[in-house]
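Below is one structure, written out as C-alpha cells; the observations come after it.
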Amino acid sequence: MLTTQSLVERFKLEVITGEAGLNKQIKNTDISRPGLEMAGYFSHYASDRIQLLGTTELSFYNLLPDEERKGRMRKLCRPETPAIIVTRDLEPPEELIEAAKENETPLITSTIATTQLMSRLTTFLEHELARTTSLHGVLVDVYGVGVLITGDSGIGKSETALELIKRGHRLVADDNVEIREISKDELTGRAPKLIEHLLEIRGLGIINVMTLFGAGSILTEKRLRLNIHLENWHKEKLYDRVGLNEETLRILDTEITKKTIPVRPGRNVAVIIEVAAMNYRLNIMGINTAEEFNERLNAEILRNGNHSEGNNQ
C-alpha cells in the first residue's frame, strides 16, 4: 500500500501540519493543480488526488477577499485528499494551515519547482501503482533488449541464461518475474527481493550471479520487449523458417513480440537469442530482412513469369 508517508520519505518533503493523515492511501496516479478551485469552482474537484499549489495558484489566492479565503481552503482540504503540496519553498497561507489541520489533510512543502515535481511524482506514482502480475521464466538484458525466456520446466531456461551471462549479458530475474504495466504498451520486469541476483541450475544448485560474475552481470529492472519461448522439437510441427509470421505474447493489456525456438541437441540457444535480440533492434529501426527477402522473391517470380510469357509468344 502506497501512503503519503512513503511519498514524504521518498522525495524528502517537509510536513507542515496534518501528520495524523500521513497514513492515507494514495490510489490515484493523477496529480491536480487546483486553479479553477482557487476561483471557487468545485463541481468537478478531484479531491482524491494529490494537490499541487505553485506560484500561479497562490498568487491568485492572495488576490481573493479576506472573507472568501477561509471557505476556499476548507473546500480544498477534504478527508480523502492524500496530500496538499506547496512547491518552490513558498509560504503556505494561514487559512490553508488551519483547514489542513482541521481535516487531518497532510500539508507538505517542497523546494522543487512545480512542473518538475509534478513530473517526478507522476513517474513515481505510475510505477508504484501500476498493475502487476508474475510469470514463470527468466528475464535477461541482451544487447539492451529485455528478453523474457519462457518454456516448460526443465527445458533449459536457466542454463541458457547462464550462457548469456557468461557472454556479457545481464540477468534481471530467474524463475519468477514480477511484471508491472507502467503505461500502455510498456511492461517492466524485476526479481522478487527473496531471489534477487540468484540463478538456479539443476544439478548445481543456487548460485549468486553478482558474486560470481560481478555487478556488471545483473540489472535490477528492465523493460520487456521480446519473448523467446523454448519448446522441445516436434517433427510434425512446422516452424517459421523465414520470419514473416508475427507472434505476440499478451501480458496484462500489453502485447510483446514472441519467437518460438525449438530445442534439440546441437542447437546453441544462447547464440540464437543473441541474434533474435539484434534482429529485433533492426526491426525497430525499420529494417526487416524477412520482408526484404519476400519482396525480392516476389519480384523474381514476377520477372520469371514475364520472361516465360515472352518466350511463349
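Glycine is no exception: its Cβ is also placed from the backbone N, Cα and C atoms.
Per Swiss-Prot, the feature active site maps to HIS136 (among others); the stated evidence is sequence analysis. According to its DSSP assignment, HIS136 (active site) is in a strand.
What Swiss-Prot lists as ATP binding site is GLY151, ASP152, SER153, GLY154, ILE155, GLY156, LYS157, SER158, and the listing cites sequence analysis. GLY156 (ATP binding site) carries neither a helix nor a strand DSSP state and counts as coil. Its Cβ placed at the centre, GLY156 (ATP binding site) has 17 other Cβ atoms within 10 Å.
The active site annotation in Swiss-Prot covers LYS157 (among others) and is backed by sequence analysis. Under 8 Å, Cβ to Cβ, and six or more positions away along its own chain, LYS157 (ATP binding site) finds GLY137, VAL138, ILE149, THR150, GLY151, LEU230.
According to Swiss-Prot, the feature Mg(2+) binding site maps to SER158, GLU200, an assignment based on sequence analysis. Look at GLU200 (Mg(2+) binding site): DSSP puts it in a strand. Long-range Cβ neighbours of GLU200 (Mg(2+) binding site) (same chain, at least 6 residues apart, Cβ-Cβ under 8 Å): SER158, ASP174, ASP175, ILE206, ILE207.
Residues or ranges marked as active site, proton acceptor in Swiss-Prot (evidence: sequence analysis): ASP175. The number of other CB atoms found within 10 A of the CB of ASP175 (active site, proton acceptor), across every protein chain shown, is 17. ASP175 (active site, proton acceptor) falls within a strand segment according to DSSP.
As annotated by Swiss-Prot, active site applies to ARG241 (among others), with the evidence given as sequence analysis.
According to Swiss-Prot, the feature region 'Important for the catalytic mechanism of dephosphorylation' maps to 262-267, an assignment based on sequence analysis. Same-chain residues lying 6+ beyond the ends of the region 'Important for the catalytic mechanism of dephosphorylation' (262-267) with a Cβ under 8 Å from its Cβ atoms: 151, 155-156, 230-234, 237, 239.
Of the listed binding-site residues GLY151, GLY154, the Cβ environment within 10 Å is emptiest of other Cβ atoms at GLY154. There are 18 other Cβ atoms within 10 Å of the Cβ belonging to ILE155 (ATP binding site). Taking a C-beta cut-off of under 8 Å and a sequence gap of six or more, ASP152 (ATP binding site) has these contacts in its own chain: LEU230, GLU231, ASN232. Here the binding-site residues are SER153, SER158, and the one whose Cβ sees the fewest other Cβ atoms within 10 Å is SER153.
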